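Colleague: Dumping what TrEMBL says about this protein:
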| type | residues | note |
| --- | --- | --- |
| TRANSMEM | 12-31 | transmembrane segment |
| TRANSMEM | 38-67 | transmembrane segment |
| TRANSMEM | 87-105 | transmembrane segment |
| TRANSMEM | 117-139 | transmembrane segment |
| TRANSMEM | 263-285 | transmembrane segment |
| TRANSMEM | 327-346 | transmembrane segment |
| TRANSMEM | 454-470 | transmembrane segment |
| TRANSMEM | 482-501 | transmembrane segment |
| TRANSMEM | 507-529 | transmembrane segment |
| TRANSMEM | 541-560 | transmembrane segment |
Amino acid sequence: MATCWQGLWAYRSYLLVLFLPIFLLPLPILVPTKEAYCGYVIILMALLWCTEALPLGVTALLPIILFPMMGIMDASEVCIEYLSDTNILFIGGLLVAIAVEHWNLHKRIALRVLLIIGVRPALLILGFMVVTAFLSMWINNTATTAMMVPIAHAVLEQLHSNPTSKDVEEGSDNPTFELQEPSGHKEVTKLDNGQVPTTLPAPSGPRVHHNKEQLRFTQGMSLCVCYSASIGGIATLTGTLPNLVLQGQVNSLFPQNANKVNFVSWFGFGFPTSIILLLLAWLWLQIAFLGFNFRKNFGIGGEVREQDQAAYRVIQTEHRLLGPMTFAEKAVTILFVALVLLWFTREPGFFLGWGSLAFPNAKGESMLSDGTVAIFISIIMFIVPSKIPGLTQDPENPGKLKAPPALLNWKTVNEKMPWNVVFLLGGGFALAKGSEHSGLSEWLGEQLTPLQNVPAPAVAFILCLVVATFTECTSNVATTTLFLPILASMAQAICLHPLYVMLPCTLASSLAFMLPVATPPNAIVFSFGGLEVSDMARAGFLLNIIGVLVIMLAINSWGYPVFNLYTFPSWAHVDNTTAHCQPNFTMPQP
């Protein structure tokens with residue numbers, strides 16, 4: 001019997017893929033309507049995403065097959081959703097991030113900031129949180145965590161041991177910093193974008209036995225990295241995939257919304273939210289892992305220990321080993337800053353941007369999007385050489401001249417670009433469009449009309465708690481993909497601004513703080529050891545609650561002017577039933 005159960009467990013993925021479609025067949029058979037057909041596809045994909053019986057990107061391709069077969073949408077209409085403007089923005093933004101990572105610019109930034117902040121306990125945690133959050137605003141959360149965790153553990157090893165300063169001062173290599181070395185111990189996990197990393201950094205070198213106080217500090221340092229990686233992604237539109245899912249679904253479900261969710265509007269809403277949440281998380285981790293003695297935590301009145309000096313020298317040594325900035329690093333920095341400036345000034349809303357001035361359409365709006373700008377800068381990176389232009393000898397063919405390689409090449413991009421995420425995003429947009437075409441969105445909205453009698457802040461708060469709980473168990477991309485079309489329909493049905501519920505729930509999908517499997521940064525930190533599931537759950541539970549409260553503060557204060565949430569927007573009207581909608585709550589305008 002035991003062997004039988006082991007065999008079924010070994011083949012669980014095959015069995016799920018085979019029997020789930022059959023098990024759900026009564027729904028479209030007994031209710032032969034387009035709404036039921038679309039519901040069948042959504043439920044099937046939700047279960048496959050939750051169980052990961054198929055890769056997330058492969059599951060996302062099912063609408064291409066099922067929607068045309070069920071008469072919901074033409075194949076040509078479905079396929080368009082898989083390469084929308086939001087997907088282009090994702091590809092362009094990630095190309096720039098790959099260039100930053102390829103030339104090690106992110107590590108230089110991290111080490112430089114840590115040198116400025118110092119190694120006192122509270123400040124060290126703050127330094128790692130600030131650096132990790134900033135990098136995760138622009139770079140994949142998983143890649144940021146994979147770089148920062150080994151640096152944190154290398155510093156901790158110096159703080160908790162009696163190092164010989166000779167090795168550090170001589171600049172000997174610290175194996176903990178070598179992130180790409182193959183290791184016998186690998187932890188396989190999914191990334192927040194669905195991809196599986198080729199290698200995860202594993203702790204190297206001999207372990208030092210720590211006392212209870214040192215162990216608690218190590219745990220706090222580890223958690224501060226993975227938590228700040230998730231928090232930093234909230235700040236920018238390209239910081240994490242759920243933000244892009246929201247933008248794509250808003251543009252798909254409400255094509256007349258005049259690009260309400262863009263880089264500037266999101267930054268105005270998400271950046272203050274992430275700053276407040278980051279500071280509160282820092283305070284909470286201090287209390288939970290360092291105690292209430294803030295004078296000791298900040299090193300006030302204490303002498304600088306030899307271990308502190310040794311840890312600081314570790315950071316200095318690693319920064320020195322990077323050498324001076326190369327031409328490639330300077331070029332990538334200039335292009336990256338140019339990209340951010342172009343994003344901010346294209347169509348900011350509070351003044352006429354260069355996009356509307358130089359490339360207006362018939363309505364005077366910019367014909368270029370944030371995706372256009374990202375692709376433009378990305379293409380330049382394929383053109384600009386990585387060294388000062390000049391001819392050098394080819395080492396493989398003496399006597400032949402060779403030009404330097406470009407900042408980006410296709411081999412590097414192909415190795416680091418998570419192409420499956422393009423399908424994952426597209427599948428989500430296809431589901432949203434299918435829900436609209438089939439009438440499922442309208443039906444769901446009608447079922448939720450009793451919520452019109454519930455105060456809007458209470459509705460948003462409850463939904464945020466539900467999403468934050470759900471995202472602990474499944475991918476944050478899948479969570480937003482499944483919830484956002486339903487929330488949009490509900491908002492239309494109860495005459496509530498769609499963004500009032502869609503925005504906070506999107507942010508709540510990034511509050512995956514409790515479990516190692518909730519998000520890849522958590523899994524990477526957990527793989528380094530020193531943490532129990534109970535440690536992460538205890539710290540993450542209160543942080544989830546804090547996160548939801550901060551999100552509610554954001555949407556009920558500065559979220560109003562940023563997204564004009566005061567009235568029910570005309571672009572959200574679906575028929576005469578919403579033509580005269582007014583919000584079911586009031587907010588005084590400034």
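Placed from the backbone N, Cα and C atoms, the Cβ positions cover glycine too.
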Colleague: Which one, 12-31, 327-346, 482-501, has the most C-beta pairs under 8 Å toward the transmembrane segment (87-105)?
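Modeller: Ranked by Cβ pairs under 8 Å, first place goes to 327-346.
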Colleague: Do the transmembrane segment (38-67) and the transmembrane segment (12-31) share at least 3 Cβ pairs closer than 8 Å, excluding pairs fewer than 6 residues apart in sequence?
Modeller: yes
Colleague: Give the one range among 12-31, 454-470, 507-529, 541-560 whose Cβ atoms make the most pairs under 8 Å with those of the transmembrane segment (482-501).
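Modeller: If we count Cβ pairs closer than 8 Å to the transmembrane segment (482-501), 454-470 scores highest.
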